[in-house]
Amino acid sequence: MAQHTVYFPDAFLTQMREAMPSTLSFDDFLAACQRPLRRSIRVNTLKISVADFLQLTAPYGWTLTPIPWCEEGFWIERDNEDALPLGSTAEHLSGLFYIQEASSMLPVAALFADDNAPQRVMDVAAAPGSKTTQIAARMNNEGAILANEFSASRVKVLHANISRCGISNVALTHFDGRVFGAAVPEMFDAILLDAPCSGEGVVRKDPDALKNWSPESNQEIAATQRELIDSAFHALRPGGTLVYSTCTLNQEENEAVCLWLKETYPDAVEFLPLGDLFPGANKALTEEGFLHVFPQIYDCEGFFVARLRKTQAIPALPAPKYKVGNFPFSPVKDREAGQIRQAAAGVGLNWDENLRLWQRDKELWLFPVGIEALIGKVRFSRLGIKLAETHNKGYRWQHEAVIALASPDNMNAFELTPQEAEEWYRGRDVYPQAAPVADDVLVTFQHQPIGLAKRIGSRLKNSYPRELVRDGKLFTGNA
């Protein structure tokens, strides 16, 4: 594999020599950092099993190597990446997999270790959504996830990835993560804090990642991380699990942050060792039971993961002074909800008791029941999935609801050819050779729902959202 030139500040190299255990070679570390990062994907088990995915993609000649800490994760090698980017494959467009760095799959593996089955989870720094979507798959779309992102520009990307993967149990917020300890104390069974960091572990992906690095900036970042983990710990219920992770390598932003939390709450913090998380985990194990992953150990990004349990309650923080504002939604009455459910079933959309119908003006939404306890405590950017808009003749079903709720085995499902599916993703109307019978057509490809179309004569009117329309080469190889 070709090498690339990474910029290393001298002070960084000195720090790494001190931080690296004697069992590891510093020369191996430098060599690993110079190698480009292996690409990796995670199969979205909300839509397809790993076995079915492997069978579906077998004809492509992809080399898929299992990732030890994630059953649905694979390193991927392809011969035709230049001809067809991985993100333009049919399987990616329909949400069958997520392009995710292998080491970033570790925190969620740790969160669900030992058969942990949380019902209400928070992802404190969620964009672009790799870990939120991984959490949702582990929860099988049950329970509820609060996915927070401080950067306004990244909330849109976060929602797009959640929608593409067919996820229905997520509420999005846009806050500084330091507010949650006061706003929603002891409300979560599990919390993932993948903290903002100096990014020392990503040099294989970005050779210039350390251009602005300095020991002083590490100290400033660590101070913010301590405030974030303190807030997250307050938001965690007694008995709950907190996973703290970063993509950096210095001890100040990693071990020291966790040790600070334990020193602050000595009777409430228990470190849960991760040495048995997967075969070979002990190669990265620290004496506290954390995983400090240098890039040469597993040939991946540098990463850090710690798992903690909150063993007892701690003193509450002062209540926040901000006002949440009026919640603009109201629950749909049972009788009307039954009518809506029946109409939705007619076009192949079904949901279970984990979701409840709410209304705002002419909009119909499905919210995860597990998030209702947070209403009035935080302001949501987006909650659940938008099911439909009502109009005089019935309902205008929404694309995200189709992707999350539709059954490809429904009576109105219509399977497209590869050429027809590509036209659909380009936002064009489709003229199938054999016209479907139904007026509202659930469009599928590879037995996966990809949208809802109106049949007008021999034409299927495209309803694919404009912001998702793709140009350039797609999976049939035509531009």
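Just so it is clear, glycine is given a Cβ too, placed from its N, Cα and C backbone atoms.
Going by what Swiss-Prot states, the S-adenosyl-L-methionine site holds A125, A126, A127, P128, G129, S130, K131, D176, D194, and the candidate of E142, E149, E186 recorded there is E149. A125 (S-adenosyl-L-methionine binding site) and C247 (active site, nucleophile) have their C-alpha atoms 13 Å apart, to the nearest angstrom. Mapped onto three states, the DSSP output places D176 (S-adenosyl-L-methionine binding site) in coil.
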